[in-house]
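According to TrEMBL, the features are:
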- V121, V259: FAD binding site (BINDING)
- 295-309: domain 'Glucose-methanol-choline oxidoreductase N-terminal' (DOMAIN)
- H534: active site, proton donor (ACT_SITE)
- H578: active site, proton acceptor (ACT_SITE)
Amino acid sequence: MTQFSVLNLLAGFTAILAGTFFKPVRYPTNVMPDDIIVDFIVVGSGSTGSVVAGRLAEISEWDVLVLEAGGQPPAFAKVPFLHLGSEFPNSSYMNYYKMRPQKYSSQFAKNTGGLYRRGKVIGGSGTINQMMHHRGIPQDYENWAAQGNPGWDYKTVLKYFKKTEDYKGPLKSRDAPFRAFGGPIGVEKVAWKPPVCRVAIRAGEEMGLAEVDYNTDTTIGSAIFQLTTKNRERVTTADAFLLPGLRRRNLKLQINSQVIKIIMDAENRAIGVKYVHKNKVKRAFAKREVILSAGAGDSPKLLMLSGIGPKKHLETLGIESRVDLPGVGQNYQDHLVVRGISWTIHPNISSSIFERIGPGAMLNYFERRSGPLTSPVGICALYQLNVGNPQEPHIPDILITQENGLLGQDYGLFTLSPYKQSIHDYYRPIKGRDGFSMSPWLSRPKSVGTVTLMSKNPFDPPVLDHNALSHPDDFELMVKAAKASRRLGNAKIFRRALGAEPINKPIPDCAHFAFESDDYWRCFVRGWSGMGAHMCGTCKMAPDSDPMGVVTPRLKVRGVKNLRVIDASIMPSITSGHINAVTFMIGEKGADLIKEDYGKI
């Protein structure tokens, strides 16, 4: 039996066990009539939409309808290790967006464009992601406020982060004011630690990076990742907000319903949406507001399909321009990550990837909620540090994740599949070997891209151009980040405890440069760089003075009445870490803004 067959068999077996040991969560759903009138329509049940819908439904006199393009989540989604498992049994849990070929990044990939995956299921990408809980740093939000967005400063947003959280973990007294308990979203540290993770904090200390809680105001340092789990099970905002809300009679959810257009009257007032359910076009009308929480790809797409966006782009595609908003789909930001900075460890140190997801590991998880299935694949620790801005040494400009596995450890079946043959040849001598990698992330990129329409067909995916590394400052910072990652992985504790050995053979595509020279690292960064799936910024929140602003600080779409966007697309600039927790906060604050506007707070 091939390794590919073994891996598929184990993944399938795990999914079957999940269905046996977990009672699948089934969200109460409705089938709407062809036309329905409610107070609020929420488009999307993802990490933000579920929060908004659940909070609005707390007002008993308001009728709220959620329209979700996907369906019920699979039972195995609860297992943290199987965040990638959604790609094994059923790709229908995903949306696949087309990415334009890139000039400055991803040069080692077979296709420098490729596909960008997002969740298409109740809970959205929160149902299939790695569950990283990362608020960013206080300066991120001070910067939002400084750009002309009052009410989005750190002190204000902190209360919304805390409102959502149920933290289960060690707590220093100085960190207590930043954490909260009893909220709807569980937050736990990574539970299972392979050998490389057990010494991760000591490696950071060798480099002068003390252990910190990165979800407080202390940001430079090392830490074990925090996850949105409770009792070692994934918790989504759909679990925490939408499901309890659906017990109320005033909240309704209809799945498999793709919204294709916002309905506006002659005065550019949003009065409802058109959507397709079971191959039939239906309409829902909102007496109060339409709220887009479809994500940073689909919210700008839906605006543009409705005639709200850059006039020239829309008219080129034959779409009537109703509101000329040039910022729609612009300001696309994402975190850049560089792979391939790796070390092997002694083969007797830990088990193979196949043993980690074998029957023993599965039963250990399902019976005791322990072992490797309690954590996302390969992730344990992170390091936040400053490598390029000595004027502000307390503000991190990069993040390094320690990944407890090697590209090629799975014999190249999945980890190497996107890459060119030269990369496969490079890893051939160490395929199947255990090891670890240090992957640097660009915390606050200056490069921005675009989201545009492929056509006026609402079922065509949007076209993404992240344009990563187009800004020279980003490029040079990532060269410094790569060198810092190399130094961190060379910490003495890794060699002493694990027999760690760096992979010192030059990448073939960069072998014409002196190994580990600046030019070598520039080539390396261009080749190994890719995106972190943290798309945001495409419906930018800004004051009226900013011509590229799409929503106001109260998240109302400019030039359109009764229409808001509340999701990651409103972020004026990306935050310094994984953005899922940020979308929770945006949902909490967005719901409060609506309640304030109607005198319900």
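Cβ atoms here come from the backbone N, Cα and C positions, even for glycine.
Automated prediction, rather than curation, is the source of TrEMBL annotations.
Of all the Cβ atoms in the protein chains shown, 25 others lie within 10 Å of the Cβ of H534 (active site, proton donor).
Of all the binding-site residues listed here (V121, V259), it is V259 whose C-beta has the fewest other C-beta atoms within 10 angstroms. Reported as a whole number, the C-alpha separation between V121 (FAD binding site) and H534 (active site, proton donor) equals 18 Å. Separation of the C-alpha atoms of V259 (FAD binding site) and H534 (active site, proton donor): 23 Å, rounded to the nearest whole number. Taking the C-alpha positions, the distance from the residue listed as 'active site, proton acceptor' to the residue listed as 'active site, proton donor' comes to 7 Å. Mapped onto DSSP helix, strand and coil, the domain 'Glucose-methanol-choline oxidoreductase N-terminal' (295-309) counts 11 helix, 2 strand, 2 coil.
This prediction places the mean pLDDT of the domain 'Glucose-methanol-choline oxidoreductase N-terminal' (295-309) at 98. Within 10 Å of the Cβ of H578 (active site, proton acceptor) there are 25 other Cβ atoms, across all protein chains.
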